[in-house]
Amino acid sequence: MARSQWGSRLGFILAAAGSAIGLGAIWKFPYVAATNGGGAFLFIYLGICLTLGLVLMLAEMALGRATSAGAVGAFRKLAGGFWPLIGYMGVLVCFLILSFYSVVGGWTIAYIVKSLQGGIMTSDPKALGAIFGGFISDPVQPLLYHGGFALLTLAVVVGGVQKGIEALSKFLMPALFALMLVLIARGLTLPGALEGVSYFVAPDFSKVSASMLVDALGLAFFSLSLGLGIMITYGSYVGRESKLLGSALWVILLTVATCFLAGLMVLPAVFAFGFDPSAGPGLTFITMPAVFAHLPLGQLFAVMFFCLLLLAALTSSVSLLEVVTSFAIDELRLSRRTAAILMAAGTFLLGIPASLSLGVWGDYQLFGMNFFDLLDFVTSKLLMPAGELLLALFVGWKAWPVVRAELSSGRSPRAMQCMRGFCMALAPLLIGCIMVASFR
Ligand code: PFF
């Protein structure tokens, strides 16, 4: 049977960008950039996305299109041995990420409710910090919202309404960009906001450290949905005639643009209202309500913002659940419904200790980290970079003829040679050195 294909090239780009753009750009990017000192981090992050990110995204899409297979299948078709392990690792990482992603997705639902009730309309940093802290450390409420988010993700995957989500993405992205522009304009006109702008964009390269580099590397892969086979799977539905380079560039540009806008939306406000830039994972949730409190119709904007954030998170979480579900269908021979329910239940259960570790179980630590941070660390700083390193080696040494055949039309042999060299040596070296340096 012919493999189904995206309705159009735009549909493919939107679905891939829908997976990429989510909590990574709007929740994670601002606080990781802020804790790493701003400007220099932004430049390094952009540099990684436009080099490593672009080449590896292209490679993933090409592997998918060439093999018409998903994460594990693509490696199995092209090489035996231990290579398919890269695919298995990707599935495992999707599972781990989804567990804590769903916890944060739950926070967005809770903040929709809080915005509707009007309880967060203040610009007092202490009060907003206390509201967020009180909420995430509560033993029951975040779990209910986490369950709600997991059910929504499950409903989309089981209900087969992905088409609806694709259609929604067409509206979601322009709406998200427009709303962010309004919020940026408000934030930038607050007294003291310019200090935040310069913190965010003016690079101070004396702050560069190995731990900053590994943060930027992990965040680049996380925000672009790379290294887990998602772009392989999406690429497998692309028609021959589509130009992959243009599509990959679009996905990357849309994602880094969202990250940049999110930084401009959050950081000036952090400085204008006197929040702590190194507040960590709560930064977006603590800061944005203060901006809403200073906008006419602020409550309406708050509801809209958290609704759009929820939808952006859902288009990403659906791609994560889709990968683990397809794996369970193919490898465990389960029906789609059973597979999706089992996997969603599994990620929900793993998310419970992650959520509780931000409150009542905060004292249980491993390597100085609570369980939530540990999951984030293991996925973003260990397994995703390791997966990308292996993927680059795979492309350069094992699958090059196939990847070249997919990408070379209309391109000079020299450009292709450069890409191969990059995958064979430079990319693995760069990733390897950054990982090793950050552990010393
Ligand atoms: N890229 C998504 C985000 O930034 O929110 C998260 C994500 C989705 C990471 C899919 C990895 C992935 F495979």
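Note that Cβ sites are derived from N, Cα and C of the backbone, with glycine treated the same way.
If you look up TrEMBL, you'll see 12-30 (among others) marked as transmembrane segment.
Taken from TrEMBL, the feature transmembrane segment covers 42-64 (among others).
The annotation transmembrane segment is assigned in TrEMBL to 85-113 (among others).
Among residues of the same chain six or more beyond the transmembrane segment (143-161), those with a C-beta under 8 A of the stretch's C-beta atoms are 98, 102-103, 105-110, 310, 313-314, 317-318, 321-322, 325, 336-337, 340-341, 344, 347-348, 351-352, 355-356. What TrEMBL lists as transmembrane segment is 143-161 (among others).
With a cut-off of 8 Å between Cβ atoms, the residues of this chain six or more beyond the transmembrane segment (173-194) that come close are 14, 17-18, 21, 254, 257-258, 261-262, 264-265, 268-269, 271-273, 288, 291, 294-295, 301, 304-305, 308, 312. Taken from TrEMBL, the feature transmembrane segment covers 173-194 (among others).
Positions annotated as transmembrane segment by TrEMBL: 214-237 (among others).
According to TrEMBL, the feature transmembrane segment maps to 249-275 (among others).
The annotation transmembrane segment is assigned in TrEMBL to 300-329 (among others). Sequence-distant contacts of the transmembrane segment (300-329) (same chain, six or more residues past either end, CB-CB distance under 8 Å): 18-27, 70-72, 90-91, 94-95, 97-98, 101-102, 104-105, 108-109, 111-112, 115-116, 120-121, 149, 152-154, 156-157, 162, 165, 168-169, 172, 175-176, 179, 182-183, 225, 228-230, 233, 288-289, 292, 335-336, 339-340, 342-344, 347.
Within the chain carrying the transmembrane segment (341-362), a Cβ under 8 angstroms from the stretch's Cβ atoms is held by residues 95-96, 98-100, 102-103, 106, 136-139, 142-143, 146-147, 150-151, 153-154, 157-158, 321, 324-325, 328, 334, 370-373, 375, all 6 or more beyond its ends. Marked as transmembrane segment by TrEMBL: 341-362 (among others).
Per TrEMBL, transmembrane segment is recorded for 382-400 (among others). If one looks beyond the transmembrane segment (382-400) by at least 6 residues along the same chain, the residues whose Cβ comes under 8 Å of a Cβ in the stretch are 52, 55-56, 59-60, 63, 75, 78-79, 83, 86, 89-90, 92-93, 96, 214, 217-218, 221-222, 226-228, 420-425, 427-428, 431-432, 434-435.
Marked as transmembrane segment by TrEMBL: 421-439 (among others).
Sequence-distant contacts of the transmembrane segment (85-113), counting only residues of its own chain at least 6 positions beyond either end whose CB sits under 8 Å from a CB of the stretch, comprise 23, 27, 70-76, 120, 135-136, 141-150, 153, 222, 227-230, 281, 285, 302-303, 306-307, 309-310, 313-314, 316-317, 320-321, 323-324, 327, 343, 346-348, 350-351, 354-355, 372, 375-376, 378-379, 383-384, 386-387, 390-391, 394.
When each of the listed stretches 42-64, 214-237, 249-275, 421-439 is scored by C-beta pairs under 8 angstroms to the transmembrane segment (12-30), 249-275 comes out highest.
For the transmembrane segment (42-64), the list of distant contacts is 29, 33, 70, 74, 78, 200-201, 203, 208, 212-213, 216-217, 219-221, 223-224, 226-227, 229-238, 244-245, 247-249, 251-252, 255-256, 259-260, 263, 388, 391-392, 395, 399, 402-403, 406-407, 419, 422-423, 427, 430-431: same-chain residues at least six beyond its ends, Cβ to Cβ under 8 Å. For the transmembrane segment (421-439), the list of distant contacts is 52, 55-56, 59, 210-211, 213-214, 217, 381-382, 385-386, 388-389, 392-393, 395-397, 400: same-chain residues at least six beyond its ends, Cβ to Cβ under 8 Å.
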